[in-house]
Every structure is written in structure tokens, then in C-alpha cells.
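Residues or ranges marked as Mn(2+) binding site in TrEMBL: 21, 209, 211, 245. Per TrEMBL, domain 'Pyruvate carboxyltransferase' is recorded for 12-274. Positions annotated as region 'Regulatory domain' by TrEMBL: 398-525.
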Ligand code: KIV
Ligand code: ZN
């Protein structure tokens, strides 16, 4: 049979919003450097459009979008903006350096959003749609307009807004399922009907944007494409507001694996999906659930005897796609303290990581230190170590040493030395238990208002010498910051995780008064 090249009609545009809708979800904050790293990977793996952030939201968001726009080689770089002229202008400024850029401007159109959120009448909203698209078009030829809460919008009003947006110059029309409410049949029908009813619908590409509140984001997105949409908005690992967005890796592999049902093509190199998942999980400190489709640890694991027997006879008995097709390599090397740098690098490639030379060198030093302390090094140990390397590469405050007195005699005491921008500072603190003592010591060194929202420990592997992986989430001024720390010593892992979350908070805010004061004191004395 002759291979068919996909025509424009069959090509589905992948619009990744990991750095905007994904990063918006509580606790998934990424630092500036992490955003650049994620964007570089998305750009390389074939994402058509990267929604790099919401430039008006903060100086940090603006800077990240702007730098991503400067660096992107292939992808269109997009920024989000509300309807206000200053939002749109700020967005345009941020994306300006990109070879190809897009403004994505949105406005709520559902009765409940118009009445309570916007407090505007439909005719006022209609006028705002025309004004926002017109303004965006004055900056760039590539403008996307979204009808926020589109799936709960009255049909005729939706059609009128879509028609007006296209007339004003929108080249992509997104009808989001903002609250994750729709169903596949309903969403497919919505696109079919809007495209049929809007007279100028042929002048724009229609886009799906689904949230996963009822667990149907991917199914709904694919249904929307069956209804005529040709752009899918999604995120790596499905991260996003509340229950998340449609997962990019699931969309791509559903189209690839069930091409008989979804006869479309994307430009994504699927063998990079595992790497993307690992990078985003490490950067956000958001773990991927074990049984997550495509990129979960168990996605290709066969445990039951019957399944293993079938797999040994023919992999197709229980495998609808190969692990290699999503970038999982068969792991072959057993790592230990005698393993060299080359073997370590090879193992990282098997696990789906690609580190810069500096990161690789640091991770290798950490690996050697771990191998000295732990008899058996499992893949999970290396993953925890590398995730930490990725997440802490640009931290300003790092642990140097920790001594803890714990046990029944009390008081539990922690003596902690940290490195702040190259200067060492030590503090001793007591607490109600060793973890409390450590956190009190950190608090004394780096005074801050953040509240501890989550403290969680889990063993990376089995065995009493297993590494502990601690997750810490801190909340301050309505934002939360999550980080992980791994170490064979649970208390060291706890200190690393807390410092990791603090570092994220600092990078988001630009500075934390305690750190700046201490640096100044160190410089002075
Ligand atoms: O979910 C949503 O409606 C959005 C819009 C900004 C597109 O994220
Ligand atoms: Zn959204």
C-alpha cells in the first residue's frame, strides 16, 4: 500500500500550553531557567505553537515569554492576553523577538461568566471581542481568539462572536471547555455546527482546549477534531488548572496508534515524549502517576503471569504500541559504584534524559556519592537524582551540611549550613521533632512568610537503605511552590525539599527579604 503524505486538511496543529495553563496550576511553578529548558525541548520535538506564558501577569512571566521568543528555532511563540488593550500590547511586546509569533486573546462568552465574572451585557462583550481582535491584529497577522467557557455559551451568541472575531482578523478560533463539562459527542457536534453555521468559518482554523474535570479531556479533544477542529491545545503530562488539561502525549499517541479512527497527522517526534514528560515532572515537581497512559512508570510494565507469558510469545498480545515508540529504551545497564561516566550517560539516555554537560557532570558526582553509600542503585534512584539535578541547577540557596540530634531524649536539634549565592551561613535550631528543627533552622537563615502546605515522604525503592523522596509545598500570597528532595537520609531530603520550594518562591518573586538581608550582612561582615 502506498504511504500517504498528510494534506493540510489532515494535519492537526499541536498547541502546547504547559508553560501557561500548565504552569498556572497550584504548585507547578517553574523557574525562569526551567521554562527555557522546557520550551527548548518543545521546540525540538515538533510542537507547532508554544504558549509560553501570560506576559501581563508578572515581570517574570514577561521575561520568560520574551526570552523563549528570542530563542525558539521552529515553533510559533504565543502569549496569552485578556481583552484589555494594555494586556494585548504587553503580550505583543513579549513575543516580538520570535521568528513567528501569535497573540492569543480571550473573553468569556457564557451567561454565567458574562453576568458574574465580567458583569457585562452580551452586546458589550460582543463589542469587546471585535476590539480585542482588531487590536491584536495591529501587532501580528497570527491572532487566536478564545471564547472562554465556550461549551456553556449560548449557541447563537457563540456563532455571532466567532463570526465577528474572524471578520476582525482572528486566524484561529478556540472554543474551550474551560470547566471540563462537555462530552465527546456534544463537543464534536458543537464544532460541526459552529463551522457549518458561521459564514466565514473557512477563514480560520478551529481549535479545541479541554480541561479534565470529568476525565474526558483527551477524548473530548479528539472528538472536537472529528467535528472539524484542526488545532489541539494540550500540556505535557496533562498538567493544568484543577484536574488538568488534555495530555499532549496521549493525544499524539492516540492519533498515531488509532490512525484508522483518527486519520490525522501531527508534527511531533513521539520518541521524545518520555523525555518531555520527565523534564516537566522534574521542573514542576509534579509526579506522574504510575499508571498514567504513555508516560507512567507502569505504562509498559507487565506483572501478571498470564500477561508476561503472552508478552514472551509475542509482544503484540498485550502491547498496542512499543515502549521505544515513545522514547522508552530497554534498560540494560546495571549501575553501581564502579560504573563510569560513559555508562552513566548511557543509562540516562535509556531512561529518557538528556542533560547539558554541566548538569551531567554534577549528576555524575552525585551518582558516585550515592553509589558509595548504597549497595544497589536502581533506575528509580537515578531518576530521583537527576530530577533533583534539573530542579536545583539554578538554586541560590543550597544545603552544605546538616547535623541532627533526634530521639527520645530531646530537644531535637538541627545544625544547618547553607550556601547562599556562594556565602556559607550556619544556624542551630530546636523543634518539636527533627523535621521541625530543620525547618526552624531554615526559617532563621531565610526568614519568610510562606506556610507549609504539604510534607510528604516516600521511599524511592524498596529496602531500608532506600533513598527517601520528600515533597514540600509552600504557599505564599496565593501561590504555591512545590519541590522534591531525595537522599538516603530522610532528614537531608527534607531540608533539600524545603529549600527547593523556597528557591522556587524566590525565583518567582525576584527576591526574598531574608535572603537579600543575609547576603548583604555577609558582604558587609
Ligand atoms: O480554559 C480556558 O478557557 C483557557 C482560556 C484562556 C483559553 O485556558
Ligand atoms: Zn484552560
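Think of each number as a place in line: the chain as shown, counted from 1.
Just so it is clear, glycine is given a Cβ too, placed from its N, Cα and C backbone atoms.
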Structural state census, the region 'Regulatory domain' (398-525) (DSSP three-state): 44 helix, 53 strand, 31 coil
Cβ within 8 Å of the mean position of the Cβ atoms of 21, 209, 211, 245: remaining residues of the chain near Mn(2+): 17, 176, 178, 210, 212, 217, 233, 234, 235, 240, 241, 244, 246
C-beta crowding around residue 209 (Mn(2+) binding site), within 10 angstroms: 31
Residues among the binding-site residues 21, 209, 245 that border ligand 1 - Cβ under 6 angstroms, in sequence order: 21, 209
Residue 211 (Mn(2+) binding site), number of other Cβ atoms within 10 Å: 25
Nonlocal residues around residue 21 (Mn(2+) binding site), in sequence order (Cβ under 8 Å, 6 or more apart): 51, 233, 235, 240, 241, 245
